[in-house]
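The structure appears below as structure tokens.
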Amino acid sequence: MERIDQSPVKYAVHRDVLDELGLEEVAQKGTWSIKPTVGDKVKESLRCSVPSLKHILLTWIPILSWLPKYSFRENILGDVVSGCSVGIMHLPQGMAYALLASLGPVYGLYTSLFPVLVYVIFGTSRHVSIGTFAVISIMVGSVTERLAPDEAFYFNGTNGSLTVNIDARDAYRVQMACSVTLLSGIFQILLGVVRFGFVATYLSEPLVRGYTTGAACHVCVSQLKYLFGVKPARFTGPFSLIYTIVEICRLLPQTRVPELVVSLVALAVLIVVKEINACYSKKLPLPVPIELIVVIGATIIIHFCGVREDYLIDVVGEIPSGFKAPRTPDITFFSQLIGDAIAVAIVSYAITISLGKTFGLKYGYKVDSNQELIAVGLSNTIGSFFQCYAVTASLSRSLVQESTGGNTQIAGVVSSLLMLIMVIKIGSLFEDLPKAVLSTIVFVNLKGMFRQFMDVPLLWKTNKVDLLVWLVTFISTVLFNLDLGLALSVGFSMLTLIFKTQLPHYSILGNVPSTDLYLDTEAFRQVNEIPGIKIFRSSATICFTNAELFLEALQQRSGLDVRKLQMEKKKRAKQEKMAKKEKGLLDHPCNSTSSSKVSELNKEKNLSMHKDVAIFLTNTSSNGFGHVNSAYQYDATTSEIDSGCHSENNLTPILYEDEKDGRTCMSVTHSIILDISTTGFVDTVTVKMLKNIFGDFADVDVDIYLAGCQACVVEQLEKAAFFESIPKTRLFVTVHDAVLHILRKLGQTDIIFDASCDTQM
């Protein structure tokens, strides 16, 4: 094995100190590319040609780009095996999740067929499995139960008791489910057409995981009635989950023992076999389809052993064979479903794109966020005409599709064909399947979402802001239901983003000895502040939301209260004016006898003024307003303003005078460098604030310099006429260039650098 030299690499840079004008000259700034105007872009988009038409077709119908290149030899076996495995999962999950949506099991089978075929054509992910999902099912169920409750379908039975018209209720709920699915699909298509896929970036991973965990709690509670065989009252609105749990606890004495036994047996079998699948996943060619086995076994036992009639176990009931004719959903309900449809659209898209991006990064292909919006939207829109409800990607089925060798969405075609056979021929065989078994399937499949509780200790160690987003999302979803919980969690996530821009980290930078590196003086011990120069940096982009905070932090961290320094300067100017008047009196012949007294009085006033300013600066330093450099110590024995304050041995922190400009300053700091390399854009408020900083600090004889400004920011400053009042010679390429310029200007390059201004590392 070749030995690698671990000695540090050194390099030397020899160049001139560059301000913005120097950089433009060296780099030959110019307009080398002409950006097309809006009119040109419109003309180009309307221009019809064969290449543009081909590009549009391949973009909007992705199957045309990958299907002609499909390799049967490499992919067909894995896709067929994967499709069969996923299709076997679709059957029990489709029927189980349909109960969550308060629909008949057959509608879950429809939802596992038609939307999958649509996604195969328009989707860009190769591995996600579209279809029924617990979270989306419970969201649709909340709509159907709210708008079509049992109480609305009571009628007088034969013995005078109130009975629910189940057929009418179920038909109305199907209409509600199809309508909310159509509306959510339209929202998704419209957002995809206007290229609004970037909205997914605002649904952070902690938010999505906290929301799905909270939704899993709703799913879990909704299935308890099937496990215990009780019929709790239905609650809506905030805290409905809490009320439902209390109601179920009240009804526990009425638990139906046969259904509880069926639930516990099915639950035990599912958990044991799924754990075996997980432990031996690498050794098993295919995971044991325990869900399908449990469904078939429970149906056979209930049907042939006469348990249904003896113990009155609640079963799935009639499952019609074949398909119903397509029907347009009722759009008259749209006004009542807008809020629910938006929530369903956002959540279904967020889950799909997060899974799609995960597999895309793992296998090295691109998942188009805008096209995914359109694909999921079309799946929902077209599916709603075939009595399907809203779909999204399923984590469990997607993992099976990937782990069993699925490489493309041909696996989705195979699973759809399998579901087609089940709906036409096999579906009616499961009419004696107990609902309690379907509930246990839902419970077991929630395991992955409940594992997300482990995010809490991890986020506690890594990022407490993300932890707060996770907790707020989870609590609001559990307490205030899925729609309102989503709105509150998104709003809170936006607030954390605003607070991050409002509360950036401000730092004073110091030089790493013998380098051109500048680091935070509070975070690194071996960095030194340059005497008389404050280098200030904000960790966030400076904009209208934090411009005022930036100015306040600058004064605090630099130790310069501009307003007080301006007042002190005016006070000193007034005292100098009075001294000149007194000097004029001294020059008068009549006042020659009192010249010694006036001179003594003048010295006392001057010394008193110096002491006042020294006390003021000492107080600001002690209050945390920056650091007073030990190189700048005021000599109380000096009564005159030191004209040579920039020399090596006689530096005055309070009052100094620039030899070139003849200025005086009442501060330990004579120059401030603003490192704005973290700023990605500037607005009008920022430009105005920067102009005020230059003007205000100039009043107290402190020079302001900018460093590390990005090219786009320089362009924005030029458009805002910033450089009409501030010369570009105050803008430097790096902090190091600005420091070297200041020290050379003051003749102090020998403080930390050699006179040649070369940087050696």
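The backbone N, Cα and C atoms fix where each Cβ goes, glycine too.
Database features, via TrEMBL:
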type     : residues : note
TRANSMEM : 97-122   : transmembrane segment
TRANSMEM : 128-148  : transmembrane segment
TRANSMEM : 182-203  : transmembrane segment
TRANSMEM : 292-313  : transmembrane segment
TRANSMEM : 333-352  : transmembrane segment
TRANSMEM : 373-395  : transmembrane segment
TRANSMEM : 407-424  : transmembrane segment
TRANSMEM : 474-499  : transmembrane segment
DOMAIN   : 523-742  : domain 'STAS'
REGION   : 577-601  : region 'Disordered'
COMPBIAS : 577-586  : compositional bias 'Basic and acidic residues'
COMPBIAS : 590-599  : compositional bias 'Polar residues'
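Taking every listed stretch (97-122, 128-148, 474-499) in turn, the largest tally of C-beta pairs under 8 A with the transmembrane segment (373-395) is reached by 97-122. The stretch in 97-122, 182-203, 407-424, 474-499 that contributes the largest number of Cβ pairs under 8 Å to the transmembrane segment (333-352) is 182-203. The stretch from 97-122, 128-148, 182-203, 474-499 with the most CB pairs below 8 A to the transmembrane segment (407-424) is 97-122. Contact between the transmembrane segment (128-148) and the transmembrane segment (97-122) is supported: at least 3 Cβ pairs lie under 8 Å, counting only residues 6 or more apart in sequence. Cβ atoms under 8 Å from those of the transmembrane segment (182-203) belong to residues 329, 331, 334, 337-338, 341-342, 344-346, 348-350, 353-354, 368-374, 376-385, 390, 490, 493-494 of the same chain, restricted to positions at least 6 beyond its ends. Averaged across the domain 'STAS' (523-742), the predicted model reaches a pLDDT of 71. Secondary structure of the compositional bias 'Basic and acidic residues' (577-586) per DSSP (helix as H, G, I; strand as E, B; remaining residues coil): 10 helix, 0 strand, 0 coil. Residues 60-63, 90-91, 129-134, 137-138, 140-141, 144-145, 148, 170, 173-174, 177, 219, 222-223, 226, 316-317, 319-320, 323, 371, 374-376, 378-380, 382-383, 386-389, 391, 409-410, 412-413, 415-416, 419-420, 422-423, 427, 430, 433, 435, 438-439, 442 of the same chain, all 6+ positions outside the transmembrane segment (97-122), place their C-beta atoms under 8 angstroms from a C-beta of that stretch.
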